[in-house]
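This report concerns only the one structure given below.
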Amino acid sequence: MSFTIIKHPLITDKLTRMRREDTSSKDFRENLNEIGQLMVYEIFRDVPLKEVDIKTPVTKTKGYTIDIPVVLIPIIRAGLGMTEGIQKLVPTARIAHIGLYRDEKTLEPVEYYAKKTENIESSYVIVVDPMLATGGSASKAIDIAKGWGAKHIKFVCLVSVDKGVKKLQNDHPDVDIYTASLDPVLNNKGFIEPGLGDAGDRIFGTK
Ligand code: PRP
């Protein structure tokens, strides 16, 4: 399905702050959350609305509200850092969690946690992870979400590379992909270049 690079000067500016190696963990988290909020506008462009009757202080009229439950699925750990920003704008969203880490040698994702939400089958599902590198983690997380019955799935990341995008499009052609940047290189350690380092470590200050 679609692949969208969400370009906006505010996103570009914040992403540049995040890329700098001297950016603190606090500033990294704040900018990640803010970019998550800015990306929401584009990601939810096609969310279905239903007509409702409302009364303003002046008169009766028709209004429109979101007509589908929303489920966010952060891929733990780094996806957690982007979820809060999205949730601020969609406060009714439920959160499911999928914990994956990449084996350092094989770069294959290893599952260590998975907790679904109710009604995921009929929800608008957004899988969130700042990094799309080899694409293994995103693809595996979407496998798990589909195993839970999820159907309308989007994947949102901050930084991606061609290899990961291609893998995801190949494994899950029904999933729309959104990113703030398509970076040029995936190095032989599986790191995106220029990238922003290990997002999980930078969010949680573990290195
Ligand atoms: C990072 C990142 C993605 C994954 C991307 O997580 O947050 O989940 O790697 O790589 P891939 O596209 O090659 O699968 P990591 O394994 O470092 O775990 P963490 O979020 O706990 O730091």
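Each Cβ is built from the backbone N, Cα and C atoms, and glycine gets one as well.
What TrEMBL says about a protein is an automatic prediction, not a curated fact.
Mapped onto three states, the DSSP output places S137 (5-phospho-alpha-D-ribose 1-diphosphate binding site) in helix. What TrEMBL records for R77, R102, D129, P130, M131, L132, A133, T134, G135, G136, S137, D198 is 5-phospho-alpha-D-ribose 1-diphosphate binding site.
According to TrEMBL, the uracil binding site annotation covers I192, G197, D198, A199. When secondary structure is read from DSSP and collapsed to three states, G197 (uracil binding site) falls in the coil class. Its own atom aside, the Cβ of G197 (uracil binding site) has 17 Cβ atoms within 10 angstroms in the protein chains shown.
According to TrEMBL, the domain 'Phosphoribosyltransferase' annotation covers 6-206.
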Three-state secondary structure, which DSSP defines for I192 (uracil binding site): strand
Entries of A133, I192, G197, A199 (binding-site residues) sitting next to ligand 1, with Cβ under 6 Å as the cut-off: A133, A199
Minimum Cα separation from D129 (5-phospho-alpha-D-ribose 1-diphosphate binding site), reported as the residue among binding-site residues I192, G197, D198, A199 that achieves it: A199
G197 (uracil binding site) and S137 (5-phospho-alpha-D-ribose 1-diphosphate binding site), Cα-Cα, nearest whole angstrom: 16
Neighbouring binding-site residues, C-alpha within 10 angstroms of D198 (uracil binding site) - of R77, M131, A133, G135: M131
